[in-house]
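> So Swiss-Prot lists these for the protein:
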- Arg9, Lys10, Ser95, Thr96, His97, Gln154: substrate binding site (BINDING)
- Ala65, Met66, Thr67, Ser95, Asn124, Lys186, Ser211, Thr216, Gly262, Leu263, Arg264, Ser283, Arg284: FMN binding site (BINDING)
- Glu155: Mg(2+) binding site (BINDING)
Amino acid sequence: MSDFQREQRKNEHVEIAMAQSDAMHSDFDKMRFVHHSIPSINVNDIDLTSQTPDLTMAYPVYINAMTGGSEWTKNINEKLAVVARETGLAMAVGSTHAALRNPRMAETFTIARKMNPEGMIFSNVGADVPVEKALEAVELLEAQALQIHVNSPQELVMPEGNREFVTWLDNIASIVSRVSVPVIIKEVGFGMSKELMHDLQQIGVKYVDVSGKGGTNFVDIENERRANKDMDYLSSWGQSTVESLLETTAYQSEISVFASGGLRTPLDAIKSLALGAKATGMSRPFLNQVENNGIAHTVAYVESFIEHMKSIMTMLDAKNIDDLTQKQIVFSPEILSWIEQRNLNIHRG
């Protein structure tokens, strides 16, 4: 594939993603908090700091991996980096493979560090990238963490995608052992299972982003790029973010779990944190805001999002993220069925 074709593919991904809408039915709507009428705290008491063994985020919300690798996506990364700088959010760039192959493309990613020199930035590579390239990806952005995206359904629907996956787990293990910053194993919208969590724990992984279905749909994106658009029947493949978080429950004491995929509102973010996530990521909401409404409006959107999270936590009488994990939740029969059939041990305060 030529560099021009890769740039074109990057732009196609963004164009199709922006045109997508959230799933009509979300598993976030299948879980409810129990309301208690008189909080014992005030809004100003809320501490939204997200703390993991290696990363401290001012807020448990981050701009998730999206793009880079073309002139248009450079402009997007520049604007998102300004939003991150002005709001204190962490930010992940999209796959840096284009820059690792072609130094001419490096600026489409490094613009994020240029515009946000003191901020928290996650670099991003695929599960098949050599260890040396993973190290380069971290150095390229002076990144505080490295996302490794695992995207086998996307690759298999992508006309020119990868068809070989047998080395992925061993390669991830090699990267985790060599890279000095936290390595986050990131799905891309298909969710994670307890079996995967077991495998990742065995090779020393300490961070995952479950990225469940319900948000940006890469099966649909790649199917749109197929000549016959003949794989639309896989549109609903995978686990939702709620299901994925429940799958991780037994591993949350050893692995820091981030949640993304289909988060629409501050309430969805709070529900994710209550299910054990340490932070929540969103991609398309930020992309649409910054492209359609500009930087200032997106900054205001983030500030409002954070204030709404504080309001919800006050209603829940939760001073911090750890408190949220003790709050009572009522699940729908469908979610309860998933818990039962998957033999998940869910114990709450």
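Any Cβ shown, glycine's included, is placed from N, Cα and C.
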> Taking only the Cα atoms, work out how far His97 (substrate binding site) lies from Gly262 (FMN binding site), in Å, as a whole number.
25
> Under 8 Å between C-beta atoms and at least six apart in sequence, can you list the same-chain neighbours of Thr96 (substrate binding site), or say none if there are none?
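Expected: Gly68, Phe109, Ser123, Asn124, Val125, Ala137, Leu140, Leu141.
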> Do any residues at least six apart in sequence from Ser95 (substrate binding site), in the same chain, have a Cβ closer than 8 Å to its Cβ, and if so which, in order?
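Counting only residues 6 or more apart in sequence, the Cβ neighbours of Ser95 (substrate binding site) under 8 Å are Ala65, Gly68, Gly69, Asn124, Val125, Gly126, His149.
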> Going by DSSP, give the three-state secondary structure for Arg284 (FMN binding site).
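Going by the DSSP assignment, Arg284 (FMN binding site) falls within a helical segment, counted as helix.
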> Could you measure between the residue listed as 'Mg(2+) binding site' and Ser211 (FMN binding site) for me? Cα positions, answer in whole angstrom.
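About 16 Å separates the two Cα atoms.
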> Looking only at Thr67, Asn124, Gln154, Ser211, the binding-site residues on record, which one has the least crowded Cβ, with the fewest other Cβ atoms within 10 Å?
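Comparing Cβ neighbours within 10 Å for the binding-site residues Thr67, Asn124, Gln154, Ser211, Gln154 has the fewest.
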> Which value in Å gives the longest Cα to Cα span across the FMN site residues Ala65, Met66, Thr67, Ser95, Asn124, Lys186, Ser211, Thr216, Gly262, Leu263, Arg264, Ser283, Arg284 as recorded?
23
> Using DSSP and collapsing to three states, where does Asn124 (FMN binding site) fall: helix, strand or coil?
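Reduced to three states, the DSSP call for Asn124 (FMN binding site) is strand.
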> Can you give me the Cα-Cα distance between Gln154 (substrate binding site) and Arg284 (FMN binding site) in Å, rounded to a whole number?
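Their Cα atoms are separated by 17 Å.
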